[in-house]
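Annotated features in Swiss-Prot:
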{"type": "DOMAIN", "residues": "6-116", "note": "domain 'MTTase N-terminal'"}
{"type": "BINDING", "residues": "Cys15, Cys51, Cys80", "note": "[4Fe-4S] cluster 1 binding site"}
{"type": "DOMAIN", "residues": "135-374", "note": "domain 'Radical SAM core'"}
{"type": "BINDING", "residues": "Cys149, Cys153, Cys156", "note": "[4Fe-4S] cluster 2 binding site"}
{"type": "DOMAIN", "residues": "376-440", "note": "domain 'TRAM'"}
Amino acid sequence: MSTATPKVGFVSLGCPKATVDSERILTQLRMEGYEIVPTYQDADVVVVNTCGFIDSAKAESLDAIGEAIAENGKVIVTGCMGVAEDSIRDVHPSVLAVTGPQQYEQVVSAVHEVVPPKTEHNPLIDLVPPQGIKLTPRHYAYLKISEGCNHSCSFCIIPSMRGKLVSRPVGDVLSEAERLVKAGVKELLVISQDTSAYGVDMKYKLDFWNGQPVKTRMLELCEALSSMGVWVRLHYVYPYPNVDDVIPLMAAGKLLPYLDIPFQHASPKVLKSMKRPAFEDKTLARIKKWREICPELTIRSTFIVGFPGETEEDFQYLLDWLTEAQLDRVGCFQYSPVEGAPANDLGLEPVPDDVKQERWERFMAHQQAISSARLQAKIGLEMDVLVDEVDGEGAVARSWADAPEIDGSVFIDSTAVKPGDKVRVRIVDADEYDMWGELV
């Protein structure tokens, strides 16, 4: 009978959705008595959760797999890159098993094959917290409400990796949120591939939470989450009419006044080639309406420059749209062909690399001026911030306008706080990304 504690190393790459997948696998392994260790040398086997969205992410995943093989030798691969098993085995033929995303049971079974769980383990020692194993700091957590996507954007292969939209029952989502809040989480980050489509696949089926009926729909989900007394932040939202319904909740202080909306472009021609919603004029009107209802609303977005067929006229249209939209937080990527994406077969003229680089630089300079002006306008305001880190020089916090890892920070010249504290500050300075505040 084996009494030694089996040990697993874990490498998690990619987006927040992949982080949640990793957390679920780790939680199951911990429940079975496995110890999660931080080094290759101490592990009996290493699991690598990969990203396969763009070429640079694939290269990073292959490098991580190679490092794990070199340092440990026993490696199981999962995640989005796992849907193309040959592309992994061609480079690393010695991997023990390959699975795709969301295949939690197959990953755990593969671990069993390499190092079986203890025949007996003490549940008091191997106790897993009610909220499960989390890879984020204790005070915030990702809350995944669905898998997959019903869109067919020509630059994207996510539906081929993660499938069509499958919403989680709202009762399950809210019960998980409750467990997280009881465990000390101060901020819930709602994630999916398309948050505004939540429940469409289930025809907004009625479910139950705490004995009360709740529809599986974005508005009802947000209303219930807003009753939990923590920050609730919405990510991956499409600018559909039903988003209008949640803006009053933000204006009333029940949800963070923050929307993460991946617009990708503004030129109607480019949006059509991307197979994205091409209603940029209606989108501007919608943004204006949202801000009339909720003046504090922060909008973050991502864009692609250099998409095949993009002309200088299209790009200038995008810059003019940014001036009109006055977005707060913006990321920009140069288009990179993705293997298997429909955009490869559109027959459009590729944009030369030097032109893509030049447009990216112009885009960033243009948006930085907008972002800087919007942050400068906050100097002198008082606001609540959530502390993420504290060191000998001070604290790093975030306001309602700042999602972790992707947005800016609020720096506080004080060590009299600790991570997870919500404190009030007065903003005294700002640049294009960050702000500086004093405790009030």
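Cβ coordinates are placed from backbone N, Cα and C, and glycine is handled just like the others.
Projection of Swiss-Prot feature records onto the structure.
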{"residue": "Cys15", "record": "[4Fe-4S] cluster 1 binding site", "Cβ neighbours (10 Å)": "18"}
{"residue": "Cys51", "record": "[4Fe-4S] cluster 1 binding site", "Cβ neighbours (10 Å)": "22"}
{"residue": "Cys80", "record": "[4Fe-4S] cluster 1 binding site", "Cβ neighbours (10 Å)": "28"}
{"residue": "Cys149", "record": "[4Fe-4S] cluster 2 binding site", "Cβ neighbours (10 Å)": "21"}
{"residue": "Cys153", "record": "[4Fe-4S] cluster 2 binding site", "Cβ neighbours (10 Å)": "18"}
{"residue": "Cys156", "record": "[4Fe-4S] cluster 2 binding site", "Cβ neighbours (10 Å)": "23"}
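In the three-state DSSP assignment, the secondary structure recorded for Cys149 ([4Fe-4S] cluster 2 binding site) is coil. Between Cys156 ([4Fe-4S] cluster 2 binding site) and Cys15 ([4Fe-4S] cluster 1 binding site), the C-alpha separation comes to 14 Å. Break the domain 'MTTase N-terminal' (6-116) down by DSSP state and the numbers are 53 helix, 22 strand, 36 coil. Sequence-ordered, the extra residues of this chain that approach the [4Fe-4S] cluster 1 site, with Cβ no more than 8 Å from the Cβ center of Cys15, Cys51, Cys80, are Leu13, Gly14, Lys17, Ala18, Thr50, Gly52, Phe53, Ala57, Gly79, Met81, Pro101. Each residue contributes its Cα atom, and for Cys51 ([4Fe-4S] cluster 1 binding site) and Cys149 ([4Fe-4S] cluster 2 binding site) those atoms are 17 Å apart. Model confidence over the domain 'Radical SAM core' (135-374) stands at 90, taken as the mean pLDDT rounded to a whole number. Looking at Cys80 ([4Fe-4S] cluster 1 binding site) and Cys149 ([4Fe-4S] cluster 2 binding site), their Cα atoms lie 14 Å from each other.
DSSP labels the residues of the domain 'TRAM' (376-440) in these numbers: 1 helix, 32 strand, 32 coil. Cα spacing between Cys153 ([4Fe-4S] cluster 2 binding site) and Cys15 ([4Fe-4S] cluster 1 binding site): 18 Å, rounded to the nearest whole number. Same-chain neighbours of the [4Fe-4S] cluster 2 site beyond Cys149, Cys153, Cys156, judged by a C-beta within 8 angstroms of the site's C-beta center, are, in sequence order, His151, Ser152, Phe155, Ile157, Ile158, Pro159, Gln193.
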